[in-house]
Every structure is written in C-alpha cells, then in structure tokens.
Amino acid sequence: MSLSLSAEQPDEPADAADGVWLECIECGDTFAPFDDIRYTCDECDGLLEVRYADLPTFDDFDGHGVWRYADALPFEEGVSIQEGATPLYEVPRLEESVGVEALRIKHEGMNPTGSFKDRGMTVGVRVAKELGVGRLACASTGNTSAALAAYGSRGGMQTLVLLPAGKVAAGKIAQASLHGARILEVDGNFDACLDIVQELAAQGEAYLLNSLNPFRLEGQKTIGLEILEGFLADYDAVPDRIVLPVGNAGNTSALYKAFRELVQAGELDEDDVPKLTGVQAEGAAPMVEAIENDADEVRRWDDVETRATAIRIGNPVNAPKALPGIRETGGTAVAVSDEEITEAQRDIAGEGIGVEPASAASVAGLRKLRTEGVVDDDERVACLTTGHLLKDPDAAAAAGSEPEPVPAETQGVLEHL
Ligand code: F0G
C-alpha cells in the first residue's frame, strides 16, 4: 500500500518535472505536476499526492519558516508573508493537570493570518502562478478563506470564497473581506460549499485551493517538521504523540506524509513516528466514527453542529489519506463535547495562550484520552492549536469573564473592588 509507513521510495516516472510528480494514492497512476490542472486522478478519481525523486534529511533544512523546508517542497520559494516558525510553548500547569511527562502547544495561531492555513497557501498560490491561473477559490469554515484572500492579494490574484451563511466567526469574514476576496454566503453547510466550488473548479471557473489540492498539504507538512525539530532540540527525541483537531483531515494527512518521507529518507525510525491522534467535536465526528468502527471509509454526516465552527464538517475529504495515518502510527481519534472544548480553551488561556474553539479541541481530546488511560503518563505530547483567539471574538467573550460596569471615579472603583 502506497500510504504505508514502510512503503519504498517510488521510482521517478517519465512525466516528472525536476524530480517532482503527482501520484494517485488509489491506483498509482502518475502525472506531470504543472502541465495541466488536476485535483484528483484522471483514471479513478482517487486523491493525489506530490512525490519527489530526492527526499531531504534534517541537515538539508536551512533558514526560517515554511521555506526552511524548501528541499521537502516543490519550489525553492513561494508567495510568502513570512509564515511558519510558530512557537512550541511550554505549558507547565496544563502539563501537570493533564498528567503527562511533557506537553507542548504548537500554536499555529501565530501565523500571518492567524491559522495554519498560511503554510498551505504559500505553496498553493505559488503553484497557481506556475499554472498561470487567474482566479483562486475555496470553500471555507473561515480560516482557509482568510488565508486565501491574503495570499491571493499578495500574489496579485483574484479570490473567490464560499462560506456557510451564519456559521463563520467574525474575525475570519473580516479578514477575507479586507484582503479583497469576493465572498459568497451559501445557504448550506461547509460540505455543500465544497461540493459547489469543486464543480466550479471542474468547469475551469477557478483554481481550487482547499486541502483536496495536494500542493497545499505540502506546505502543511512543515508543521510536523517544526514539531520534530523542536522536540529533538529540547528532549533529544521526537514526541510520542501529536494531538490535533480534525475537520477535512488535511493536517492529519500532511503530518503523516511528512513522517513517511522522513522514514523513507532514513531520518526517522518507523517505531518512533509520533502517534497521530485526531479530535473532533461530538456534533461533527465522522472520522471518529470510522476509527471506532474500524471502517475503511468515512460515512458523510449531513447534519453537523458545534460551537467550534472551524471543524463543523461532515465529509472529511482527506479521509483516505488520514485514516492510514492514524492507524499506521498507532494513534486514535476521539470526540469531545462543546463544553469540554470551552473548558480547554480557558485552560490554554490560563497559560497566556489565546486560541479559537476548534484549536482547544486538541487539549480537550488529550485530557479525555489521558483520563481514559489511552494516553500514558510517561508520554511526551504535542498539541496543535490551529487558530488564534481573535478569529472568533464572540466565542472568546462567551468563554471568558463579563466586564463589570463601574463609575468614572477612583473611590467608586475602589468600592467596587
Ligand atoms: N482548526 C482550525 C482552526 C481550522 O480552521 C480547521 C479547518 C481545522 C482545525 C481542521 O483542519 O481540515 O486539516 O482537518 N478549517 C477549514 C477552513 C475547513 O475552511 O478554514 P483539517
């Protein structure tokens, strides 16, 4: 199986360009990377992955941010706003209350537009330029649209975003709007938006930059590479487990690909690969259902609901890449309630780190799995927090304390205190 951890490095096909090609994860068909626009396999409609004739080792990485990892990417540089190089925070109180050997928070909210999506867009928009397309598009629960709008405008391109009406956090719409995206509010959920934008892309109306686009996931691999380098520097070992929120399962797929490539390059032992552990909200948990039932495929949930609007997704399109990632690394998936998510958001905030609700799902999931004994107390764990607190100011205000009205004089303030 091509997505197995022990898969051999494939031979370079004739249609490769400078050692880069696309390969179908289902039938193994290969395609030239930049001759035509395609998102899935021409033969069987399977998902595509980017392949490289040469895989880098840690010593090949040089510089700062996403493009430090250029040797693991299809280009030397991209359309950049200085993305990546996000903090890997120590959180001693949280570490103790969860009860693990080590806990670090990889805060992707510290990217230019406040989420990990920037890592995918710096590569994806570069590819769009290579292909010579005019208009970029995505469906989004908000963060992808903010990143696409920013990177599209940076690259001097038009952007079109389809959002589920009434279900996108205020900060994200504000970003897409100010960066000049044309915003279409769809009377349906995220999955319906993605169905439509895929049709538009198939009809040549726009270049699709959702995580179905294999090049976006290349940029997102760098989250995994940064976490590994950070742990190696601090603990002289890679983490035992990485816990992350799951929506379309793009990050789960991207991290798994990063680890597979390191194994193939001889840089990481198969047994040392961190256990990928996905967390979904109870009201939108089709991946958790598939893992629990040991199913080969994920059943689409038509009705999804959660306060963590970023992961309000019922049809995780990257499931065929992510399910092997979770299983082959010995990881798991778990669902948490909205209350558990809010609680975790407060806990993380108590360490001075502000994250949006979907991000807090990672810590909520870790706590739950630790309580259930699935996670051991001797594990070193990285939790991925995917978006910044200010993305969803309403959720933050609802989870936080109420402002207290006081009179405009010191005595009155003192009396109130
Ligand atoms: N966390 C945040 C803050 C997100 O915005 C998303 C996805 C995820 C987690 C899930 O990541 O899809 O790789 O499993 N947001 C997309 C969007 C869907 O449109 O912004 P995934």
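Note that Cβ sites are derived from N, Cα and C of the backbone, with glycine treated the same way.
Since we're looking at a predicted model, the values are computed, not measured.
Of the candidate ranges 10-33, 250-273, 394-417, TrEMBL annotates residues 394-417 with the feature region 'Disordered'. Packing around Ala249 (pyridoxal 5'-phosphate binding site) is summarised by its Cβ count: 28 other Cβ atoms lie within 10 angstroms of its Cβ, all protein chains included.
The residues near the pyridoxal 5'-phosphate site, meaning same-chain residues not in Asn143, Gly247, Asn248, Ala249, Gly250, Asn251, Thr386 whose C-beta sits within 8 angstroms of the mean position of the site's C-beta atoms, are Phe116, Ser211, Pro245, Val246, Thr252, Ala310, Ile311, in sequence order. When the record's pyridoxal 5'-phosphate-binding residues Asn143, Gly247, Asn248, Ala249, Gly250, Asn251, Thr386 are compared pairwise by CA position, the greatest distance found is 15 Å.
The DSSP secondary structure for Asn251 (pyridoxal 5'-phosphate binding site) is helix. Gly247 (pyridoxal 5'-phosphate binding site) sits 13 Å from Lys117 (N6-(pyridoxal phosphate)lysine), counting Cα to Cα. Lys117 (N6-(pyridoxal phosphate)lysine) falls within a helical segment according to DSSP.
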